[in-house]
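S.K.: My questions all concern the structure below.
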Amino acid sequence: MQASRARLFKEYKEVQREKAVDPDIQLVCDESNIFKWTALVKGPSETPYEGGVFQLAFSVPEQYPLQPPQVRFLTKIFHPNVHFKTGEICLDILKNAWSPAWTLQSVCRAIIALMAHPEPDSPLNCDSGNLLRSGDVRGYQSMARMYTRLAAMSKKG
């Protein structure tokens, strides 16, 4: 547990240094628990998520970095690889392709890449996956854009 705590402190310092370097990711450690983090990630440009800001919750195991963090979307998102109700994310690096070389920051980058390049063949959201698999890209983008507007964009007024 001491090694994981040291690693997380190191990542915390790096996040503080890199704030201006990566404006698409804002990673914050819980003040009372270094194993709990949240992130705000900007929706990638030229996707239905563009303009949205999505909140992620990280639960880091005591065996980190030997085991991956559990990450889920707190913001509702219409995406084939994200469970609509729980926010669970289907991403290989969070499961069987994890490596201790990954950091919380690089996990955020991988999630942004997944948002831009969905994998409809391993869906957690079958409605979203079915739209893409049947070739209805327009339908998928329309639904994704609608949920981005409803859940991930600030309400003006």
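Keep in mind that glycine also has a Cβ here, set from the backbone N, Cα and C atoms.
When I checked TrEMBL for this same protein, it listed these features:
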type     : residues : note
DOMAIN   : 3-153    : domain 'UBC core'
ACT_SITE : CYS90    : active site, glycyl thioester intermediate
S.K.: When you measure from the Cβ of the residue listed as 'active site, glycyl thioester intermediate', how many other Cβ atoms are you left with inside 10 Å?
M.R.: 18
S.K.: For the domain 'UBC core' (3-153), provide the mean pLDDT of the predicted model.
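M.R.: Averaged over the domain 'UBC core' (3-153), per-residue pLDDT gives 96.
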